[in-house]
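Only one structure is covered here, and it is reproduced in the block below.
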Amino acid sequence: MSRRTSVVKNLVKTRIPTGYGEFNLYLYNEHGKEHLALVKGEVSGQALVPVRVHSECLTGDVFGSRRCDCGDQLKHTLQYLGRLPCGILVYLRQEGRGIGLRKKLEAYNLQDTGMDTVEANIHLGHQPDERDYGIAARILRDLGPQSIRLITNNPHKVDELTAHGIQVEARIPIEVGHHQDNLDYLRSKAAKMAHLLTFREETPEHRDLAFIEPLLDQLSLARAAANEAGPFVTLAYAQDLDGGTAAEAAPTSRPALTLTRHLRAQHDALLVDIDSLPAAPPSLRQGQGTDPRPVFLDDQLRTPPEALVQGGHPPLILTTGTPDPARVASLTERGAEVVAVGTDAEGGIDLLLALRALRERGIHTLMVEGGAATIRRFLRQRLVDYAVIAITPRLGGGPQAIGGPGPAGEAPTLGITDCQYQTLGSDIIAHGPVGYG
């Protein structure tokens, strides 16, 4: 039976709750070999569905091998799809680009003698890539998306799925960073297999910040997908050892301050509330160069015009009701854009409408820094995707960032999934995707 006349059998479907969200897992069989599809939401008949076709990599996916980028790509895909209303991860049991686990491990040994990943496959009597993407195409036809956006760095994968009748409307890059153990492997894939990789420049200043690469990859995915679910929201703030976030609470070490500046430069916009405006540095009130666009939550439109530095990215002030025209004029004269959005049940700015206004203005990644009340509101409404928290070696006694009851005395059940810790100078950085219970 030829590949094009093969039929994959949908054997079973079951619900799979994960730390990234709830999915449906489909088990397929073709010629006695099982393949999987992890599906978020309703995909049948939908256009532009994000799809990742991922080939099994036991060493990377399960054991976290640093020889390749497979495990990181799998994790970041799940994080990304978990944020969206729908998406598909096709998991093909085609280990080692189709040559099997034993041959892949033998290829690893050859690579340790100086061969690259392509040369090792050829030396073992195989092609550089022996995967059959017709299987993925047949699984996608069974799931029924009208068209897809393929999450890949491999243009050959796009061509193969297209040749098998899948309508691929766009490619979403998924670079997950490089390091000493996989750099040669990735360079070989770029040079000999036409993978589209940019290899972010590593500078001495940012070498200690490599731990934040998972967040940067999520930001890249959000921009590439022009995220229909709303801006990707990163919560970043500093707190004392006792949890206080007084206005003066800020990273105390130079490396941690460098991290803050680096994170700001990676986002489209930075949001603070009006009470935090006096503490905001002039560069953020102005938003020049690589700085993000400043966004201020100001429900009563109390922003003093003199606090806005002219030039650079125009500050965006989100307010409520019908603002005073004279007040608006005084702010727009200083280069600001004033946008009125609705109120929520608590009488404050409706954050969902605020995020919609940002998305309509081309803002796909948003960094939220404060103040404490705004942090609590974003968390309580489950709007935060990723958190970066700098813990400083001080006892400040300021207001708690997360403590305090929400409506009806309820507080959110939340946590940082896959939480990682990094020491930067005298500060400790806790970071990871935010999960809600």
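A Cβ is built for glycine as well, from the same backbone N, Cα and C atoms used for every other residue.
Bear in mind that TrEMBL entries carry predicted annotations, made automatically and left uncurated.
Remember, it's a predicted structure, so these values are computed and weren't measured experimentally.
Taken from TrEMBL, the feature domain 'GTP cyclohydrolase II' covers 12-173.
Summarising the annotation, TrEMBL assigns GTP binding site to Arg52, Val53, His54, Ser55, Glu56, Gln73, Glu95, Gly96, Arg97, Thr117, Thr152, Lys157. Long-range Cβ neighbours of Glu95 (GTP binding site) (same chain, at least 6 residues apart, Cβ-Cβ under 8 Å): Ser55, Glu56, Cys57, Leu58, Leu101, Lys104. In the three-state DSSP scheme, Glu95 (GTP binding site) is classed as helix.
Counting every protein chain shown, 20 other Cβ atoms lie within 10 Å of the Cβ of Cys68 (Zn(2+) binding site). Annotation source TrEMBL lists Zn(2+) binding site at Cys57, Cys68, Cys70.
In the three-state DSSP scheme, Asp129 (active site, proton acceptor) is classed as coil. The number of other CB atoms found within 10 A of the CB of Asp129 (active site, proton acceptor), across every protein chain shown, is 21. Taken from TrEMBL, the feature active site, proton acceptor applies to Asp129.
Per TrEMBL, the feature active site, nucleophile maps to Arg131. Within 10 Å of the C-beta atom of Arg131 (active site, nucleophile) sit 21 other C-beta atoms, taking all shown protein chains into account.
According to TrEMBL, the feature domain 'Bacterial bifunctional deaminase-reductase C-terminal' maps to 231-429.
It is 11 Å from the Cα atom of Arg97 (GTP binding site) to that of Cys70 (Zn(2+) binding site). Those residues of the chain, other than Cys57, Cys68, Cys70, with a C-beta within 8 angstroms of the mean position of the Zn(2+) site C-beta atoms are Thr59, Gly60, Asp61, Ser65, Arg67, Asp69, Gly71, Gln73. Cβ contacts within 10 Å of Thr152 (GTP binding site), excluding its own Cβ and spanning all protein chains shown: 22. Neighbours of Cys70 (Zn(2+) binding site) among the recorded positions Arg52, His54, Asp129, Thr152, defined as a Cα within 10 Å of its Cα, are His54.
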